[in-house]
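Report on one structure; see the data block that follows.
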Protein chains: 2
Amino acid sequence: MGQLLDGKLLAQKRAGKLKEKVKDLKKRGLNPLFCVINIGDDPSSQLYLKTKKKRAAEVGIEQQVYQLAQNETQNNLLTLIDRLNQDEKVCGIMIQLPVPDQINLNEALEHISPSKDVDCLTPSNVGRLWRGDHFVEPATAHGILALLDYYQIDLRGQNVVIIGRSSIVGKPLAALMLERDATVSILHTKTKHLDEYTRKADILVSAAGQAGLITADMVKDDAVVIDVGINRQNGKTIGDVDFAGVLPKAKYITPVPGGIGPLTVESLMEQVVALTRRKNGR
Amino acid sequence: MGQLLDGKLLAQKRAGKLKEKVKDLKKRGLNPLFCVINIGDDPSSQLYLKTKKKRAAEVGIEQQVYQLAQNETQNNLLTLIDRLNQDEKVCGIMIQLPVPDQINLNEALEHISPSKDVDCLTPSNVGRLWRGDHFVEPATAHGILALLDYYQIDLRGQNVVIIGRSSIVGKPLAALMLERDATVSILHTKTKHLDEYTRKADILVSAAGQAGLITADMVKDDAVVIDVGINRQNGKTIGDVDFAGVLPKAKYITPVPGGIGPLTVESLMEQVVALTRRKNGR
């Protein structure tokens, strides 16, 4: 029977430590100010923003939301980013996804100052990630590594299979796991025969966003299964993994909810604090 | 019996076209000037510099070598890069590898203006590569894709296995192949049981720099085998692949020499021309 990788618990533990760090920063007059730009009225974005705000408040980080209209122009968005880049008080900036169609997201991301790029999505921070001289890490990937470390699961020489090649999860996670000496395969919607890869994975990470994608027959005995999927089904939140089926087979498995989700939010706050410290040379 | 992927022939064809482009640029008063910084006296670097200079001359590109002493300081290197960045006439800059121990290569690379970064090694160009909005591509990866395209070998849904995770070959090639919808696995020195991966590869790329690494039993029937290795053995240049053994099994295979090597040099010149055009808005 698989052991649960308790992301919620670890997130709480790390939040406790982070709170102390923030206290310490504030004593020195440094106030981590985190700005989120939200464009339009996507309902799940609203939910994420609320969760982030709550977590931020718990560790003592001030989160400001800049709410733009659904039909906001690219120009106005860039002007706002410029303003936040120049504002000495702002430590971290992120753009809440998804954005409306008229927004050129890549251009907007390039506009964020790398020194305030909480999500590690600006070109130079992505490049530093792949070169191994990074200081900011994408929240989900950072959270996954923290969880593996906490349970002392070594990556060196392990066969890691990642499903999903997004800029926010799959690709940066591949970079960080390669750096830890894992052998990494990146699978995606165009991959034929997913199971031929997954069945050999020592560590399987699913970030496909597809409920029930990973069934027991696709998982190796004693594998570590990390479920990054967040899918709504019949009013419930479930992952990509058929949890009940895979649990008996896996050595370790993350639940959904309570696995990677809470760690992602917590890791985001850690990045805000890291940027604040760096900005002030500590 | 495998068909040869003739990199030398393709390099010649592409050089012919590139020469026309350069002529056209020169008619408009644009002169592609390519600057290479060489530090110290590594003998293989001297050889590469000579080859590059010859190829550059053939297509009409002017290559200037800035030769620095083996004990040159980091500061002097950065000053030289600054000067070349600011020089309007310079279209492309590269640092010849390897560099002596006292040089901080990452810092030096970060110093090159992304708009003159022929090797695609600056953080922001690496980041753009992974985000899919690139205009400059690392020469070897660019050459490999050109060769596959020339022989109409489709990457979509193919199982690609890359041995080597360097910043100049393995990682950027993974990015470009993922973009082409291949499933990509990145192997390296810490990978256990290389053959378990290689034996399933539709397209196998070896960039390990280890003579005789890939033997026939490690290759799937009808695989495409790309040998990026350049190893000296008994005065001869050989690749990573046991060519004689693998040839009968593979569908396509690159020879060494005459495979990826000439395409790398040719691709480098293409990047110089691309940067020259871009700099001048064409």
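Heads up, the Cβ atoms here are built off N, Cα and C, so glycines get one too.
Record features (TrEMBL):
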{"type": "DOMAIN", "residues": "A:5-119", "note": "domain 'Tetrahydrofolate dehydrogenase/cyclohydrolase catalytic'"}
{"type": "DOMAIN", "residues": "A:138-278", "note": "domain 'Tetrahydrofolate dehydrogenase/cyclohydrolase NAD(P)-binding'"}
{"type": "BINDING", "residues": "A:Gly164, A:Arg165, A:Ser166, A:Ile230", "note": "NADP(+) binding site"}
Spatial neighbours, same chain, of A:Ser166 (NADP(+) binding site) - Cβ under 8 Å, 6+ residues apart: A:Ala207
Helix, strand and coil residues within the domain 'Tetrahydrofolate dehydrogenase/cyclohydrolase catalytic' (A:5-119) as assigned by DSSP: 61 helix, 19 strand, 35 coil
Cross-chain proximity of binding-site residues to B (CB under 8 Å), evaluated over A:Gly164, A:Arg165, A:Ser166, A:Ile230: A:Arg165
Per-region confidence, the domain 'Tetrahydrofolate dehydrogenase/cyclohydrolase catalytic' (A:5-119) (mean pLDDT, whole number): 96
Residues near A:Gly164 (NADP(+) binding site) in space but at least six apart in sequence (CB under 8 A): A:Gly170, A:Leu187, A:His188, A:Val205, A:Ser206, A:Ala207, A:Ala208, A:Gly209, A:Val228
CB contacts for A:Ile230 (NADP(+) binding site) [other CB atoms within 10 A, all chains]: 20
Cβ packing number for A:Arg165 (NADP(+) binding site), 10 Å threshold: 24
Taking residues A:Gly164, A:Arg165, A:Ser166, A:Ile230, which bind NADP(+) in the record, the widest Cα spacing (Å, whole number): 16
